[in-house]
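Novice: Pulled the feature table from Swiss-Prot, pasting it below:
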type	residues	note
TRANSMEM	10-30	transmembrane segment
TRANSMEM	47-67	transmembrane segment
TRANSMEM	76-96	transmembrane segment
TRANSMEM	121-141	transmembrane segment
TRANSMEM	149-169	transmembrane segment
Amino acid sequence: MKLLIDFFPIILFFAAFKVWGIYVATAVAIAATVVQIGYIRLKHGKVEPLQWLSLGVIVLFGGATLLAHSETFIKWKPTVLYWLMGGTLLVGQLMFRKNFIQSLMGAQIDLPAPVWRNLNWGWTGFFATMGVLNLWVAYHFDTDTWVNFKLFGGIGLMFAFVIAQALYLSRHVKDEGDAAPKDLQP
């Protein structure tokens, strides 16, 4: 169910684009994201910072698309979001010595510091690459191809990267029986 809620705006954007075109799809994406945030807030009481960021970026770039009647802005939206996420990971690591990937996942999984660093750099690179790839598709192909890439290519690459990360992590995660309980370790 969470996955459906996460992909709700992009699925509606895709469907609206196929029926009515980019401008109606953009308005639908803005409305769907507002509904998504409202649902999350009602259901869970808390909206994650990344979700607020996503709402802000879609309202800003989607609104600019509708006001200027130019699809350029909505095509930049994924890149801006990817680069903001990657930039946050980069700045956190370099300037504040804070690994945000570890902060998000550290309670669920115990990993050595170098593995956390590699994960952080991996996600930073992934987001940077996805931002560039989005722009390349946006400026080298027609809008229909870009929308298809946004849904199928972007999500597909994200899933592939998550699977690659899971395989990488599986080499470093200890089975619970392999180590003494944490309260018994020196």
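Each Cβ is built from the backbone N, Cα and C atoms, and glycine gets one as well.
Small disclaimer: the values here were computed from a predicted structure and weren't measured.
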Novice: Is the number of Cβ-Cβ pairs under 8 Å between the transmembrane segment (76-96) and the transmembrane segment (10-30) three or more, considering only pairs separated by 6 or more positions?
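Specialist: Contact criterion not met.
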Novice: Which residues, given as numbers and ranges, are at least 6 beyond the ends of the transmembrane segment (10-30) yet have a Cβ under 8 Å from it?
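Specialist: 58-59, 62-63, 65-66, 69, 71, 74, 143, 147, 150-151, 155.
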Novice: Go through the chain and flag residues at least 6 beyond the ends of the transmembrane segment (121-141) whose CB is under 8 A from any CB in it; none is fine as an answer.
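Specialist: Non-local partners: 75-76, 78-80, 82-83, 85-86, 89-90, 93, 101, 149-150, 153-154, 157-158, 161, 165, 168.
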